[in-house]
Structure formats: C-alpha cells, structure tokens
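Contents: one structure, followed by commentary.
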Amino acid sequence: MVGEMTQETGARINVPPPSVNKTEIVITGEKEQVALAVAMIKKVYEEKKKNTTTIAVEVKKSQHKYVVGPKGNTLQEILDRTGVSVEIPPSDSSSETVILRGEPDRLGQALTEVYAKANSYTVSSVSAPSWLHRFIIGKKGQNLAKITQQMPKVHIEFTEGEDKITLEGPTKDVQMVQSQIEAIVTDLVSRMDYAEISVDPKFHRHLIGKGGVNINRIKEMHKVTVRIPPDNEKSNLIRIEGDPQGVQEAKKELLELASRMENERTKDLIIEQRFHRAIIGQKGEKIKEVRDKFPEVIINFPDPAQKSDIVQLRGPRTEVEKCSKFMQKMVAEMVENSYSVSVPIFKQFHRNIIGKGGSNIKKIREETNTKIDLPAENSNSEMILITGKKVNCEAARNRILAIQKELANITEMDVSIPSKLHISLIGPKGRLVRAIMEECGGVHIHFPNEGSGVDKVTIRGPVEEVEKAKQQLLTLAEEKQTKSHTVELHAKPEYHKFLIGKGGGNIRKVRDSTGARIIFPTPEDKDQELITVVGTEEAVREAQKELEELIKSLDNIVEDTMNVDPKHHRYFVARRGQVLRDLADEYGGVMVSFPRTGSQSDKVSLKGAKECVEAAKKRMQEMIEDLDAQVTMECVIPQKFHRSIMGPKGSRIQQITRDHNVQIKFPEREDPQAAQAETPAQENGEANGELKEPLDPEAPKRCDVIVLSGRKERCEAAIEALKALVPVTIEVDVPFELHRYIIGQKGSGIRKMMDEFEVNIQVPGPDLQSDKIAITGLASHLDRAKEGLLVRVKELQADQEDRALRSFKLTITVDPKYHPKIIGRKGAIITNIRTEHDVNIQFPEKNDENQDQITITGYEHKAIAARDAIQAIVDELEEMVSEDITLDSRVHARIIGARGKGIRKIMDEFKVDLRFPQSGAADPNLVSGDRSP
C-alpha cells in the first residue's frame, strides 16, 4: 500500500516498524505531493479506524522477546500474514499486557500466532550440586558440547555457588536436554563423593610440592581431584572429590603429610628482596650450592610479584639453624659491598632518562660506576633502583633527579569524552585535532583505538597548554553533541598567516564573535587553499561571511612606500632577508623592497593586498621605534641556576622573549680548569713585567651575566621575570621518625606533595638522622608547600599518638584445651570478639613455651573488655562435664552427616559438644562429649 501511494504521489513515506514504539509517519517531497499523500493516508486511517478493534491479552514478561522476535521480525510477520498489529509494552515496563489491533475477523488468527510464538520457548532448571557442575561440563566442555551440538537452540547456564542448572530454548528441545542432564547428575551422584580437611595454610605449598609434584602424585594414584585454596583466600579448607574409596585414601595421605610437617621446624628469614636474585644466582647456581650444603632443608623464596622479603627455611631444627646462619652471613657480605637507593621518577620521564638508544642511562652508569634498574615498560612502578657505593649512588640519583627537574613542566591529563564522538573530533585526516594541538603550543592528544569503546582521551604537554587543549576539546565535543555544521572556503596560501594574525589574534576575533571554529590546512594537506569552518549553522554562516569579505579585500593589490632611515636597513635585510620573509609570511605575501646596498635613499616600497600592506607598514614602524629605543641591560644570576631558568629545551626563556619582546643571551658555561689557566700567578700586582689593575672582588663573574636587548621598560620587566624563576631552598624541621611516612609507600606521599605544590622536596638519608627537610622551588610556591608539609606532620603526629594508645597489651592464661572452643568453627567466635572490641588477639604458636598465654592488643578499655569476654567463655567451659561412650565406628559417618550437618543438629539440640576419634586412633569406637552439669 505504501509503495502504491509513493508511486502515485511521488512523495517518500516512512512508516515506523511495529517493533518501534512510534506513532509518527514521516512524509517528504514537494508541497503538493506531501499534501496528496497526507490526504490518502488519512483516508486509509479513517477506514481502518471504523473497521478495526482491539483486544488485550496477558503474556508473561519473559515470553515477550519470543513474540517480538529478532529485530522485531516476528511482529512484522504477524502483521504481514494477518494485517493485525501487535503492541508490546516497553522492556523497562513491568506490564504483561499485549494489545492486538486489527479487523475483528483477523484477530483470532493473530492471537493464535502470538500464543504460539510465546509458548514456543520455555525456561526450566535441573537440580545439581554446584560441586558437580564441572564434571557435568566435562574436560574443556566436552560433555556439554555433545548435548549442545544435538540441541543447538537450547541455552544452558551454570551459576557459580547455586545447586541448579538453568535451561532456555524451544520447549521440546529443553525437555530432551533436561532428561539428559538429569541422567548425568544421577550417575555422578551415585559414583562420586567428596571430603574436606582442615590444614594450616602455611603447609599448603609443601603439600603441593615443587612444581606440583606431591599433589599430582596423589591425584593420579587415587584418581581424585584436590582443590587447595590459593594464598589470597587465607583458607585452611582442602577439598577432595572423586571415587569414594579414592577420596578416603587421598584424605588419609594428605592428613599424614600435614601431621609430619607439623613436627618439622620452619623459620622465616627477613632478607630484602633486592638480594634474592643475587643469592639465587644466574640459573639458580648459587642457591644450588646452598641446597647441596644443607640437603635436608627446603628453601623457599617468595614470588617476585609479591614484593615480599621473607625467605622460608623448613627441615630438621639443627639443619635449619645452620642454614639460617650461613645465609645471614651471605647477606651481611652483600650489604657491606652494596648500597642501594630508590628514586621516584614520573613514568613519562623514564624514556628521557634512558635517552636515545640508552645513551643517557649508559653514560650515568659508566660515569658513576653504579647499576641502575628501571621498571618494565608495562609496569605501573615509577621507582628507579640504583645500586653501588653510597657516594656513587647519591651522584647518580642527583643526575637522574636533575633530568626530571628539567622536564617537570610537562604534564599529562586524561579527559572523558564519549567514544562515539572521537572520530568527529579527530576530523578528516586528523585535521580537527591537529588544529587544536598546534593552537595549544604543540600538546599531544591521544585518542584510544577505534572501536575500543574507551572514553579516555590523554593530553600531554606544558601545564597551561594542556588545560587550554582540554577546554577546547570539551567545547568541541559539546558542539558535536548538539548540532554541528561545516563549510569549506578557498584562499591563497600566502593569505593564511595574515588571516590568522599574530598569535592567532585575527582568527580568534572571528571565533569569539561568531562561535565557529576555523581550521587552516597543514603542510601535509593536498589542498593548501582549503579553509574549513565548523560550528552551529548560524555561527558558520556569520564566520563564512566575515572570512569571504577579508579574502575579497586581500585580492585588491596596491603599491605603497614608506621612509626608513638607512642605518636600520641592515636589520631588515640581514640573514638573507629573514625579517622580510617573516613579514611576507605574516602579512599575506606582501613584497617589501629596500634600496640597493650603498645607496643613501630611505625610500622603501611595499606591494600586496591593501590590508596586508597597511598592516606590514604599521609593523615595520613599530620595529623601527623599537630599534631607536633599544638598550642593552645585564642581569646577574649565578650560573648554577641558568639551566633551571631556561626550562626544558629553553621553553621558559622563549616564553619570556615572546611576552616582553626582548632578546636574551646567556653566557658560555665556565670551565674551572680553563679559568685557572687564564689567570697566571702574579706577584705584587705584576704579570709579564706589566702593572695590572687588581680585579674587583665584588664584580660579577662573566659566566653569571645574562644580557638582554630591547626597550628599557621591556628589559626591566624581563629581568624581573628571570629573577622570579630562580629556585629558592628553605628547610623545615620535621621529626626524623616521621620521614618514612612523609615519603609514603614507594614514594607516593612525597610525590603527591611535589606535584600539588610544584616544588622539589628533599628528605635526608636515614643514615644522617637529620630532622631537616629541604624544599626547593619558586619563591611563590614555597610558603604553600611549607604549610602543606606542616599540616601533614600534624596528621602523622596524631596518628602516632593513636597508635601508642592502641598498643596496650595484656595476657590471659587459658588452658590450651579450651583454645579451639574460644576460636570457634572457622574462627567465628574469636573473629566476633576481635570485631566487637576492635582488638588483636594472638594465640600461642605450637613451638611457644607458654602454651596457655593468649595476648590481647588494643585500646586499654577495649582489651580489658575482650579479656572479660574470653574469661566468660572459659568459665562456662570449665563448668561442663566430660563423658566417653563406645559407639561402633562404622556408623560414625552416618551420624556426622553430610558436611557435619547431622552431628551439629544433635549438639545444638542437646547443648553438648561431641568429638569423634580421628583415623588411626587407639580406640576407633570411643566418642567423647562435654555437657553442662
């Protein structure tokens, strides 16, 4: 019908599909065509309105998707076959009402189809213990793959921790899959079993063995699977699954291994991780020698990723002690012969410290005779480790910090911009983003890979320019989200600089007045005349009008003259006419002709666009006034500060010369040896037989004098700007014991303060035991940095006082037989006491002499309350009566029940404690119990 209307009226008619909840029909075309189409549609609508009716039916929400079909195909099919439209409530609505709209005689057929589609799929579940799920799935999903290949339309979902499997798909297929899985579950339950044993986590790695040799042997021998929890779970529960007999045998062997380990001696050696590699040696040669010397001792080093200093020794007591002393002696020798220091350096500066082809780092290593290790490129660590003699390490450290200080004006910032806008912000061939980068002083803007869905855009460069680029990006993104319009103009390339203006002044006026963004071509672009205007339609129209007027006026070529004193001619034509070339670039290709050299004429000719000629004449007049008013001034600043004042690649000096329109010349660096050679020994003020004037001791050194040229007032302002860049150092008294907290973990604390206050903070080495912390930076930043440091000191002192109050310690004497009861099942009781009273409760280790001493640490009043809580439990336990009964060991497992449910129920019901004998006990039938009298 729509096709017929389109053919008849010539208008385009867009009717939304049934799956889209819209009531508008869009018609486009000529006015008469649209009017005719509207009339025809209204006529059809009125006819349908008379002949159609609606019915509402309830369909489960979960079945709506089957009625809709993929991309609304099912709704369209029902409409095509019956002429009835089916309206489904939105997915975010809780309504289950489906409305059918059409001719009465067609509604029955449509309703039948809706119910058929709704009931074509079903959701069901199969009960299966969660620990059996992986056996049902099979190795690499083999078991499940067999089922899904037969019934590909059925979706099978396993939920971790739940004892059920969910099935979804066509009803018949789901029923078949359900029966297959139920059969698998029944089979597994009949021939599989599991057991759980409790083993101290410190023995887990020994149960596993080197490379898993122990645990793999047990698995293969008994045909079972054994799950030993990873270290981060801090659980002592080991789970064994498989054939019932194999499970019991594996359980017995694991418990025997754990029991044997408890009788061995374990000792933790604290050895700094930086020495671990040296002790192990290349390919493990050195540690092999130690192990050969002490074959009965197991030596375990921590994983490098754990950043742990604990090396564990395990074996017979005497051998462990001998090995411990031997390794401590090794470490002592290493400490004597090596010194190391970690330097926090911002990650973005690591490549500058390495240098091209590693030249910088190689030079520092060779000249300081140190070993310098940088973190891996994909590591988040910012610490650079320097190892060697102390003096050499400090020298290398200072050189590395100096490189960072030069680069410290560079910053990196992340901006969140919706990923869908990235392509439009980059622009064709990157023109849009390149324009922002050039306008903001050469910042680098990095967009994530296309299609990654990541919103983060990274901007890197000078602090002020990064902030400027961020604002421009966000503004442009906002424009793109509203409505963006683009227009292209053409102008001769030589006009572009004049259109842009000095420092972008001209083009900024157009942008500020219209709100549009104007993008000029880069040298890489093929069309060098193309100018692109981007913004809202109104803003683009206004900017286009202004630019077209400017371009038109530039096409009007004129000739003019001006008078320039011959003494200034050389300034304009020197360096192969560089000044004239700059004028031509800046002012639309204007040609400036000076009289021949030797001529006394002061007449200078200018040819070009009228606007450009006028602007060039004005600029030349300003230059002449500057030349007439030019003075030379000196600024004395010690040479040691010159590099800091210049900034990275001279950026700070370039900024001052631009801001104040002056020339600045730094002196050559002084060579101390050359200075001594130039000053021969004098006697009585004579040298080489000639009388010399004595040197003025107060006269500044040549190497300290910076020369400035320009107008007097500008030179004076530039001198003030130079002096403001001289770094100043102050010292702040901070108690030595707080220094490590101020530095923070891996230097994070001190780095944060340096970033926040834009200063360098130097903390003295621990061997100096000094309370002085030095802060170096611009005078304007020092007061704020000092205040921030003192605030941090007050916070740390308050923390220290609190720690002292929390360190109150007391002990309580409790018979060791009551310790498990105080701890409770899985530590529940003791954890509750610890949490309720906010204290630390330490039970004695197995090798401690005082096995009846429990130590409580925390605030005094809380420690006393925790002690009273423990004593109350002990008093209750001491009142209980013990009794032994004989019970056939063959029924123990049935009484205990699955996971101990049966025995727990009995104990809870009768308020007693029952203990069954362990395997291998002298009397396997003896059951002990405690009860209240």
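Glycine residues also receive a Cβ, built from the backbone N, Cα and C atoms like all the rest.
For the ranges 347-373, 671-697, the feature annotated in TrEMBL as region 'Disordered' maps to 671-697.
Among the ranges 533-560, 561-588, 729-756, 785-812, the one that TrEMBL lists as coiled coil is 533-560.
In this chain, the domain 'K Homology' (483-552) lies out of contact with the domain 'K Homology' (728-794); the count of Cβ pairs under 8 Å, excluding pairs fewer than 6 apart in sequence, is fewer than 3. With a threshold of 8 Å between CB atoms, the same-chain residues lying at least 6 positions outside the coiled coil (533-560) that come near it are 432, 479, 482-489, 491-492, 495, 498-499, 510-511, 513-519, 588, 605-613, 617. Secondary structure of the domain 'K Homology' (263-332) per DSSP (helix as H, G, I; strand as E, B; remaining residues coil): 39 helix, 15 strand, 16 coil. For the domain 'K Homology' (191-259), the model's pLDDT averages out at 85.
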